[in-house]
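First comes the structure, then the notes that go with it.
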Amino acid sequence: MRDSLRRTYDAQLGGLVVDVPQGELRTSVAADAPALDLGALFGREAPVVVEIGCGPGDSLVPMARARPDVDVLAFEVYEPAVAALVSRLVREDVRNVRVAPVDAVGGLTRLIGEGALSEVWTFFPDPWPKAKHHKRRLVDATFADLVASRLAPGGRWRLATDWEGYADQMRAVLDAHPAFVTEPEDRGDRPVTRFERRGTAEGRAIADLVHRRA
Ligand SMILES: C[S@@+](CC[C@H](N)C(=O)[O-])C[C@H]1O[C@@H](n2cnc3c(N)ncnc32)[C@H](O)[C@@H]1O
């Protein structure tokens with residue numbers, strides 16, 4: 001990480017970067033970590049959205065800025081991306097975003113209470129295109145159970161991918177899941193990002209899935 005990014009990251013630890021009790025790995029959450037007090041984290045009571053794997057915030061920053069009435073907590077494991085996001089949040093004075101530099105499964109399980117979220121966003125998760133790596137894909141039935149438990153009734157899970165096979169896997173899991181109602185596919189306010197542009201340039205179609213918590 002560049003020195004200036006490292007300084008911004010360190011200065012925001014406990015501020016925009018949530019200081020999460022660490023488990024065995026740098027990106028895991030300690031088993032006894034208490035759930036976050038989201039009101040205290042954001043300094044107000046407002047609907048909370050979680051973004052999973054926000055990268056440097058190409059979707060997150062414009063979407064959060066356009067919706068000052070909601071707070072957005074991002075989970076992102078790649079520290080340089082977290083640092084780039086934080087630097088942008090400071091530069092653009094975006095105040096309704098916090099980032100937890102931990103794995104989303106541990107983060108959702110340990111840091112977020114049941115029914116606490118109004119939305120979950122998962123935009124362009126790592127596609128793991130080779131068949132032998134499909135088991136590493138984040139969105140599967142077990143992960144869908146976890147997301148369903150953290151969403152409030154009526155809350156939405158928005159997902160985007162440029163990999164047809166992954167989109168089919170998401171549809172198969174979520175269309176069959178008893179806790180979700182499938183809504184029409186819709187990109188809504190999601191901006192075009194680098195990942196989307198690359199996918200389109202390489203001839204892949206973009207799928208934007210929406211599933212509502214029953
Ligand atoms: C392909 S990038 C997409 C980034 C961003 N959503 C976008 O659309 O520009 C996937 C991101 O998810 C992060 N990621 C992968 N697995 C994760 C996990 N289990 N928890 C949190 N972040 C994860 C990666 O580090 C990477 O930044």
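Note that the numbers count up from 1, one per residue, in the order the chain is shown.
Note that Cβ sites are derived from N, Cα and C of the backbone, with glycine treated the same way.
Pulled from TrEMBL:
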type: BINDING; residues: E51, E76, D103, D126; note: S-adenosyl-L-methionine binding site
type: BINDING; residues: K130, D162, T193, R194, F195, E196; note: substrate binding site
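Close to ligand 1, meaning a Cβ under 6 Å from one of its atoms, are these of the binding-site residues E51, E76, D126, D162, T193: E76, D126, T193. In terms of C-alpha distance, the listed binding-site residues E76, D103, D126 place D126 closest to D162 (substrate binding site).
When the Cα atoms are compared, E196 (substrate binding site) and E76 (S-adenosyl-L-methionine binding site) turn out to be 18 Å apart. Cα-Cα distance from R194 (substrate binding site) to E76 (S-adenosyl-L-methionine binding site): 17 Å (rounded to the nearest whole number). The 10 Å shell around the Cβ of D162 (substrate binding site) contains 20 further Cβ atoms across the protein chains shown. In this entry, substrate is bound by K130, D162, T193, R194, F195, E196, whose most widely separated C-alpha atoms sit 23 angstrom apart. Between D103 (S-adenosyl-L-methionine binding site) and K130 (substrate binding site), the C-alpha separation comes to 22 Å.
Largest Cα-Cα distance over the residues recorded as binding S-adenosyl-L-methionine, namely E51, E76, D103, D126, equals 14 Å. Cβ neighbour count for K130 (substrate binding site) (all protein chains, 10 Å cutoff from its Cβ): 8.
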